[in-house]
Amino acid sequence: MPICIPINGARSNFVQCPVCQASHSPVKGELKDGVYAADCQNCGHFFKFRAAGPVRSTFSVTINGQSYTVDNSYPGSTSLNEFLRQKGISPGTKVMCIEGGCGVCVVSATIMDPVTSKPRTYAVNSCCVPLLQCDGWDITTIEGLGNTRDGINPIQQRLADYNGTQCGFCSPAQIMSMNSLLKTNPKPTMEEVEQIMDSTVCRCTGYRSILDAMKSFAADAGPDLPGGLIDIEDLERKMCKKTGNPCTGKCSSDQSKTMLHMVTAGSQWLKPTNKQELYTLLNQHKADDYRLLHGNTGYGVYKDIGDWNYSVLIDVRGVVEFNIIQQGGATINLGSNLTITNLLEYFRIKAVDSNDFLKTFYSNICLHLEKVATTSIRNLGTWAGNLMLKHKHPEFVSDIYCILESMKTMLVIGDSTGKEMNYNIADFLKLDMTGKAITMAMLPIVNNPNVNIRTFKAMPRHQNAHAYVSAGFNMVVDAKQNYLVSGAPVLAYVGINKAFTRATLTENYLSGKQLGDPNILKGALTTLSSELVTDTVASLTPGPYRKNVALNLFYKFVLDICSQIVNPRYLSGCTDLIRPLSCGQQSFDTHPEEYPVSKPMIKLGATLQTCGEAEFINDTPPQFNEVYAAFVISTVGNADIDVIDPSPALAIPGVLKYISAKDIPAGGINNCSPAPKFQAKEEIFCSGKVLFAGQPLGLIVAEDQMTADYGAEMVKVTYKNVQPPVLTIDDAIQKKAFFKAPPGLSAGDADGAIAKSAHQLTGQIACGAQYHYQLETQISICYPTEDGMNILAGTQWIDGVQKIVGQVLNVPDSSVTVEVKRLGGAFGSKITRNFPISAACALAAHILRRPVRLMLNIHTNMKTIGKRTPYLAKYSVGFTDAGLLNGIKIDYYADCGATPNDVSAAAMPGWFDSAYYCANWKMTPFLCKTNKPQNTAARSPGSSPAVFIMESIMEHVAKSLNKDQLDVRKLNLYQKGQKTPSGMVLDYCNIRAMVTQLETSAQIATRKQQIVQYNTANRWKKRGISVLPLKFGLGWATAQYNTLVTISNGDGTIAIFHGGVNCGQGINIKVAQTCAYELGVPMDIISVKKTSTMTNSNSITTGGSITSELCCLSVIECCKMLTQRMAPVKAKMGNPKWKDLVAKCYSEGVDITARFVTEPVDVNPFAHYNVYGVCCSEVELDVLTGEHQILRVDMLYDGGKSLNPDIDIGQAEGGFVMALGYWLTERVIYDSTTGENLTANTWEYHPPMPKDIPIDFRIEFLKNSDNPRGVLGSKAVGEPPVCMATSAMLAVKHAIEAARKEISKDVFFGLDGPATVDTVQQNCLTDSTNLTYGK
């Protein structure tokens, strides 16, 4: 319909419908006379207007071959992801962070490539894409590729075959990234595959299996990656409705010649098709709250640019003049609609086609662009949009700014009158952009070989991370004149402070000077140092590091351009770390005589996961009358509540109710800790005293999730008696803030042994928190029933949820049914931490008598839910001249958070000894109370810190004696028959033989020599190696798992209901293999059902690495019962077929259902048996930036007789990589004033990505191993490899020691965890006086 102006109203940019007040806008210049009449686009009311010209008010989007019409019923803030999920089109497309950081929402979008003007398929983040932007798009989701009923896509099959799924939550997105690549490039190289697999986080697998699966499609894949290339037509099963052939995406186009205008209740969406239309719109709306957008990827960083904050949204994607790439004269002209991917591909071509001088220049730009965001973000985000983020938010660390500024780029900016002017970027940043738009960038063509341009980025991980500091440099330098600097140099920076972008004083200092003069370099560094004044706005990273690295990046640049006069040892400083293709080796033995037990097999449901058919809790379709809830959380950490005013939230349309502690029914208690199991009360909703920032105060219930989340933010809370929060262990010790501690453990006389020792040391070491980063956040759906409550809970402990809900609602536990089929990651976060979620959700459902869904958004999840417990250890140790341990004392302090219920301090004495014998021990725990969420179990909760603490002690002992660390470790290794501090006799200890075996297979001695040679030859790159042996005790005591095995009498098929929870650990395939082995039946007649309090009541939590094996044990016992009952009938029948035997047993009244509950007893208070392993890690460190990469990992693991080596290898890899994050990349930072978690987003929190894993990742399971105390000879695998990742951090420490040796500071130091990039660089102790030419 035409756009309008009211006939009797004053001329303005908007007209409002007289009924619904929806805004309407003219879109083309001055209006001509002519009275028209039409209906309001929002409510349909008839009124008169004057026409403004033809526009479209609806559009079509194709999804999996089916066309959908989008009209103005969808708000401008609706994302593609919301549309896909709420309409039930693609439950396989997941949602988590809603900021483009986790990548679980990735889909394939076939849209117009602005460079070629042809359709092209891209991977995009559906959570960032506004639905109204999908005009003419052709979307493919995981459901469009294939399914288990009609046939699955080769990518889906390949990922399953390579055991590339565990929990499966990220699997659809991983596949869609690969699908997008193959649709564009059917014969990629392995390097191209690795490069694009950066969009989606996987917390489970450790990435190696995913990368191998995807690289198997590469043209250069070797025989070790079977699978091979595929026909492009096999990629998609969706069929074109017009032709009946596989869809090619060529029918639709997002380049319509007619402007799109959508009028919604809250805003208008306009999509001009050329510059003139855009300028007209800018003129009409420059006084309004408008926003230009193209990729909307900036929303992932700054929520203030969310679409709901604007009344006019102008999509510039259709402006064809902005799509240009032109090279002519003195510049390369790049249109503002070009994405970062377009730039990257253009410069790659330039790098190939250019001479050596320009090849280096363009290759460097490509390397930097590859580090910007992720592939799926780069595919939609434009360089111009990135600059506009920098313009609106000066603190934004824009890599694009550094790149373009270093190239002395000029911007063409048009205004609302159509006038276009040129600006340099510095002037652009100060320009009022109201009514203006960037149209083009003009990059000067570099022809002078004396021009040196290079950019750098120091970042917390190797992919998908903003910079700590980025820099771009441009200098014209004449090497023949002692590196004379002519003209005006450019030193551009981001990440220093909010306002600092150019080091102008240093630029002026350098102009006209000979950089080859060491005194000039020194003067430049001194001048630059004076300019680099850091603030806390630009970054959470400490200012001293950012200043150091900014100086060092300039130094890197200087070393590069002055390379002919630089000491060859120092040239290592001018290069970045170079990562080759990753690879892996997996070695294990199997036992065919016991198949299917010990047979490598893909997990049950693997193809369901890869097809997006595996239903997670939030994929459950809403029931009739279902509503949604969101926590209202505190914003301070130590205060009393004054007033809670929910009225602003209740005034929002769609908000139904505010629920607080006052609404708990009579007899119910405000406590989500199982009483009396845990020592401290934990309130569901704060009743007055706020214990931490993020504490739930109440619950907003609304008709949809977005309204609930928005309503929760609108509740006004005031506080009184606000006190500084206690946030660290040191603070707690100073304030004597302690909980009652459990007893420690003593063996022998530690004090006496230390006093008598030839050598004595004291020290301390600490390790921090770790967010679990489960991709499925905390969730619960509660359904009131006629006799109680049914709950779908994202929990590892169904029995605990049942008890909590019963005590909160004051109803019998038996009236509460809790079910869970699978979890999208857990790692300990869903043992007790789902209790408050399910309790609050059940309370809301009880009050409203309606189904309620409570799923925490990532920010609430990270602020409200506790993390891995931080520890501080203070130790004393006595030892001999040779390094033999005599006595050890450890006082260890646990940061419990607000309550001590989940702390693992009591169990840590079982792991402190690790692999080392010492006759005299004293271990004393202290439980610290801090104003943080209750910290909780995280994969290897007490064991990983305990092993780290012990290994740090061993490092200290070896360093004090100036002995090789491995030699000292080997000297103290346990021997068979020795006793642990808890008194366990090690009857099956093989750690010494395993260390010897790994020394040989991993060529440790040779590699140590090579590292010494490398470090001698390189001043600014250092390598380190560490070998870590491990003894890990597994305890079974009190682990009750209630398992039911039932046989259907009609066809003999078997259903297993076990008491464990499927978290992706492969529990279901293992119990099925065990059942098939015990009963002698084929695997395909066995199914494993969901876990429920109806069938698996009184089961303990899933965790501690033991659940799979104990559920297998319970299945064995069930099968024994069944076999015994069926034996007489079988004897009478001879050798019957299974189906016939079952039918006959049933007809004769034999019970063909069996139940067993495990009730194990340990041989020792801390362990039933021990796992042994040894791991070697080798790393390379860039001393100037602190960045490092893991060159190689060799792990030898005694897993006994693995029940399924494929599953166990995946567990070992996944656990190891999760711990790499714990030790090297993941940090949690709190506001010292409020106690708020400042890293509660994907922008600031950094779990490992694919390029953070070991480049060469080798895992060997010990051959011919057995475990007499295990299930079918097996051992657990889930947690011990987490402990072995400590070796990677210690290897980094050894590289730091090599750097310190250069400046004669090679003395012992404790390296606390996490050793993030900034921490590592600061510990190298490098300062500007070390930055020389080395002569």
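Glycine too: its Cβ is placed from the backbone N, Cα and C atoms.
Around the Cβ of C127 ([2Fe-2S] cluster 1 binding site), the number of neighbouring Cβ atoms within 10 Å comes to 26. According to TrEMBL, the [2Fe-2S] cluster 1 binding site annotation covers C97, C102, C105, C127.
Using a 10 Å Cβ-Cβ cutoff, C202 ([2Fe-2S] cluster 2 binding site) registers 30 neighbours. The [2Fe-2S] cluster 2 binding site feature in TrEMBL is assigned to C167, C170, C202, C204.
Feature annotation from TrEMBL assigns Mo-molybdopterin binding site to Q796, F827, R939, G1104. Neighbour list (G1104 (Mo-molybdopterin binding site), Cβ cut-off 8 Å, at least 6 residues apart, same chain): L1034, G1035, A1039, E1279.
Marked as active site, proton acceptor by TrEMBL: E1279.
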Under 8 Å by Cβ from C170 ([2Fe-2S] cluster 2 binding site), same chain, sequence gap 6 or more: K94, G103, V104, T200, V201, C202, R203, C204, L775
Tertiary neighbours of Q796 (Mo-molybdopterin binding site) (same chain, Cβ under 8 Å, six or more apart): L823, A826, G828, K830, I831, N834, V1061, C1063, T1101, T1102, G1103
Residue among binding-site residues C105, C167 with least C-beta crowding, 10 angstrom cut-off: C167
The one of C97, C102, C204 whose CB sees the fewest other CB atoms within 10 Å, among these binding-site residues: C97
Mo-molybdopterin site span - longest C-alpha distance across Q796, F827, R939, G1104, in Å: 13
Neighbour count (Cβ, 10 Å) for F827 (Mo-molybdopterin binding site): 31
Spatially closest candidate among C167, F827, R939, the listed binding-site residues, to C105 ([2Fe-2S] cluster 1 binding site) (Cα to Cα): C167
Those binding-site residues, out of C97, C102, C127, C167, that come within 10 angstroms of F827 (Mo-molybdopterin binding site) at the Cα: none
Remaining residues near the recorded [2Fe-2S] cluster 2 site, that is with C-beta within 8 Å of the centroid of the site residues C167, C170, C202, C204: T165, Q166, G168, F169, S171, V201, R203, T205, L775, G824, G825, G1064
Residue among binding-site residues C97, C102, C127, C167 with Cα closest to the Cα of R939 (Mo-molybdopterin binding site): C167
Residue among binding-site residues C97, C102, C127 with Cα closest to the Cα of C167 ([2Fe-2S] cluster 2 binding site): C102
